[in-house]
Ligand code: HEM
Ligand SMILES: *[C@@H]1O[C@H](CO)[C@@H](O)[C@H](O)[C@H]1NC(C)=O
Ligand SMILES: *[C@@H]1O[C@H](CO)[C@@H](O)[C@H](O)[C@H]1NC(C)=O
């Protein structure tokens with residue numbers, strides 16, 4: 001994770017850690033209960049939820065826009081290229097929303113549910129958490145073009161991703177997201193020279209050249225479902241799954257090399273920085289005050 005959100009972060013005095021203390025004091029416990037339940041049948045649910053928050057925040061800010069379905073005058077972000085067939089966890093968000101509405105109707109936004117769910121997901125993955133800032137409201141619009149343009153590509157070069165950060169210590173990726181590296185890296189006809197040879201062999205077995213693009217591989221080979229700093233050790237061993245990940249270390253002279261090495265050496269350093277990054281990401285242009293609305297169904301505007 002690289003906390004370089006300077007471009008995006010604005011100070012938002014409106015968000016606060018105590019926002020629901022009086023209006024919905026038990027919201028965190030309710031969200032946690034639903035996620036724990038879902039995790040019993042889907043080890044990946046935490047990864048799905050934190051990614052939803054990321055894909056929400058990077059498109060017009062953290063406003064729940066990613067959750068809106070197609071409707072009259074509504075072109076869903078779910079069908080944008082980075083999301084389609086890949087982003088998941090929507091039904092669990094609906095379950096969370098239902099559970100929260102049962103205890104505090106009309107109070108907690110879908111945007112805040114994603115922020116709370118991200119923090120809980122990291123803690124369930126055994127990572128250290130942060131104090132979630134709350135008070136976001138939900139958008140009445142979606143921005144599919146924004147989702148196509150603003151979300152970073154897995155084959156993006158470092159200039160593209162350095163201002164963002166990488167969070168791939170748990171979860172899965174589809175073969176289509178990294179197959180190019182295995183067989184025809186940047187149209188060379190050869191694999192990406194930075195991939196460890198044994199790892200390349202393993203990945204080719206998982207993702208044969210003409211095989212199913214939707215087969216999944218672990219983003220973190222060492223500890224697939226834990227939120228930990230092994231992701232950075234993988235990069236040191238040339239075992240990063242996505243090009244955008246491995247480049248953080250393998251790009252000559254990159255500013256990120258020192259960061260990767262530091263986080264590989266210190267899990268607590270990594271956790272501290274990650275928490276700060278998540279707070280910054282969660283602060284991207286939220287709707288507050290009387291802007292937007294509190295959706296009663298995360299899939300549609302009121
Ligand atoms: C440089 C920026 C980033 C790029 C290029 C990127 C790209 C990707 C790609 C291509 C996948 C696999 C999707 C698929 O094949 O279906 C993925 C998965 C994932 N991403 Fe990112 N990502 C970035 C940053 C982030 C950030 C900031 C977060 C969270 C804060 C995040 C969280 C995740 C998670 C948890 C998964 C696994 C999801 C699952 O198992 O369903 N990523 N990412
Ligand atoms: C808060 O929610 C949790 C999970 O649903 C529940 O077990 C607990 O009893 C609730 N506490 C209060 C004070 O309502
Ligand atoms: C997999 O995706 C690539 C790139 O999008 C495409 O060219 C190829 O036809 C797909 N393969 C299959 C088997 O669907």
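Even glycines carry a Cβ here, placed using N, Cα and C.
Record note: TrEMBL gives 220, 223, 228 as Ca(2+) 2-binding, and the candidate from 169, 188, 256 in that site is 169.
Comparing residue 62 (disulfide bond) with residue 56 (Ca(2+) 1 binding site), their Cα atoms are 5 Å apart once rounded. DSSP assigns residue 104 (disulfide bond) to coil in the three-state reduction, outside any helix or strand. Within 10 Å of the C-beta of residue 65 (Ca(2+) 1 binding site) there are 28 other C-beta atoms, taking all protein chains into account.
For ligand 1, the neighbouring recorded positions among 51, 56, 61, 77, 152 are 51, 152, by Cβ distance under 6 Å. Comparing residue 104 (disulfide bond) with residue 61 (Ca(2+) 1 binding site), their Cα atoms are 25 Å apart once rounded. Highest local Cβ density among the recorded positions 24, 59, 104, 207, 298 belongs to 59, counted as other Cβ atoms within 10 Å over all protein chains shown. With every protein chain in view, the residue among the binding-site residues 220, 228 whose Cβ has the most Cβ partners within 10 Å turns out to be 220.
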